[in-house]
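Residues or ranges marked as signal peptide in Swiss-Prot: 1-8. The feature N-linked glycosylation site is assigned by Swiss-Prot to 64, 113, 248, 263, 348, 462, 488, 492, 493, with sequence analysis given as support. Under the heading disulfide bond, Swiss-Prot lists 72-99, 259-270, 407-526. Here Swiss-Prot flags 123, 124 as substrate binding site, drawing on similarity to another entry. Sequence annotations record features per position, and here Swiss-Prot assigns phosphoserine to 205 based on similarity to another entry. Annotated active site, acyl-ester intermediate per Swiss-Prot: 205, in sequence order, evidence recorded as sequence analysis. Taken from Swiss-Prot, the feature active site, charge relay system applies to 332, 445.
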């Protein structure tokens, strides 16, 4: 039920936990009602730190859902102080462990049975919050008359620390947070005019990886209908870590903060008593090598949310049977290069040498054998025009983008479609006119989001007319997909987006010109990453060990030879002495 009191324009809705008050926002000559900061779980404080989220109890008053809630505790990116390009991703509300809240935007007048789109933010499972300006749901709600929902979930050690098998810190808490928010939507969205049987998950980067994990997690299956994955998938190399690795990282963190003991329960108890800030300061040191794309604490195969590695589940077809829409941006790698790859800077053109390219490979592929790195260098060298100055800069962008985002996303889509599900793939190639990063960084990771959420529609923000048209077309396709399982909807005037099949692999380009259809995106490079590179690792992964063993063996043999020689000399001198009698 909705009641309006005329003087304050507040909107009150009754949920299963109690009444909440929303706020009316003017959007493009109409109104959207927003409910910001609705609690969906008990605050994970004290003894609940590191545990799965617990359901909420009821409240008796009216909950004021008129402003964004706290963001979850996380480290802040301070690499480029005062620079909007990096700071736009930093939390814009207070940080707290009390952060399990969600937001709902509904059209007015209140719809009946509207399609729901649930956004899951990215940030490598280490950072992120639902209150960022680029995730504002009001434009999408107003233009497409869908209900938009977004939730905060725990990140970093507080969201993903794991001692596998121990209920005190089972791992994947951040994913269980998301799952509980999906349950909240199932129970409550009808009161907002939403249809619980028409729910599409969408997310970017680690958010898209999360969406694809919900596709692989049986408990999530009844909680949504369809899925959109922007620049991320669960089979990416940075995505899921083994139980062994997760456990080691927990023990390393415990050591750093002075919680090392034999007893696991004692370790967790000790970690619970530490200040959140101390955990944040130390969690960045748990990865033993200096890598630029490291997920310190992230999803694990816990046997509960995730029963096996994503690759295996995809192979076995253990996934939700539904439609997916997946895609990537043209320059997925550049965003990571300016955070420490040799020779790269946001303040110059970052023309790098072959040597710097090789140094870069060391940073992005720690632990990979020399032969492995050599094979990447060989595959990504432009042998036709070796002297072109931009070559190595573009090559490292491609290496990082192909390996971490583009090829895993294509592979996921291919496998998913092989199980008889309709899939649609896009390639986003428009560089926003508002992009604060330098020209050479191209169409960057994360910069399609503003077009999905309709930011270019706001006239006073100074996007170009062509960008407004592109944004409207993307919003229309995303909403069509959410409503009907097909981005084409009913209009015939725009380019039809073909279904992606594992044989032809057709995809659509998204840009300010007219969209085009191509086949087999980056086929050559992705064959390298999915087929050749794993073989190289398999064959050479233990070359270093073999070399060590050989050296040790040679050393032992050398010692035997020396000993034998000494014995022999000893023997001959004695023999000579005997012969002289």
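Backbone N, Cα and C define each Cβ position, glycine as well.
Since this is a predicted model, take the numbers as computed values, not measurements.
Feature annotations (Swiss-Prot) mapped to structure.
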residue	record	Cβ neighbours (10 Å)
72	disulfide bond	28
99	disulfide bond	30
124	substrate binding site	20
205	phosphoserine	27
270	disulfide bond	16
332	active site, charge relay system	27
407	disulfide bond	26
445	active site, charge relay system	25
462	N-linked glycosylation site	10
488	N-linked glycosylation site	18
My understanding is the cutoff is Cβ-Cβ under 8 Å with a sequence separation of 6 or more in the same chain; which residues meet that for residue 64 (N-linked glycosylation site)? 20, 21
Residues near residue 113 (N-linked glycosylation site) in space but at least six apart in sequence (CB under 8 A): 193, 194, 195, 198
Those recorded positions from 123, 124, 332, 445 that fall inside 10 A of residue 462 (N-linked glycosylation site) by CA distance are none
Please classify the secondary structure at residue 263 (N-linked glycosylation site) using three-state DSSP. coil
Spatial neighbours, same chain, of residue 248 (N-linked glycosylation site) - Cβ under 8 Å, 6+ residues apart: none
If you count Cβ atoms within 10 Å of the Cβ of residue 259 (disulfide bond), leaving out that atom itself, what do you get? 19
For residue 64 (N-linked glycosylation site), the three-state DSSP class is strand
To the nearest Å, how far is the Cα of residue 332 (active site, charge relay system) from the Cα of residue 445 (active site, charge relay system)? 5
Tell me the Cα distance separating residue 526 (disulfide bond) from residue 445 (active site, charge relay system), rounded to the nearest angstrom. 18
Taking the Cβ of residue 348 (N-linked glycosylation site) as the centre, count every other Cβ atom within 10 Å, in any protein chain shown. 10
Could you measure between residue 348 (N-linked glycosylation site) and residue 407 (disulfide bond) for me? Cα positions, answer in whole angstrom. 29
Cβ atoms other than its own within 10 Å of the Cβ of residue 123 (substrate binding site), all chains, total 21
Rounded to the nearest Å - Cα separation of the residue listed as 'phosphoserine' and residue 488 (N-linked glycosylation site): 24
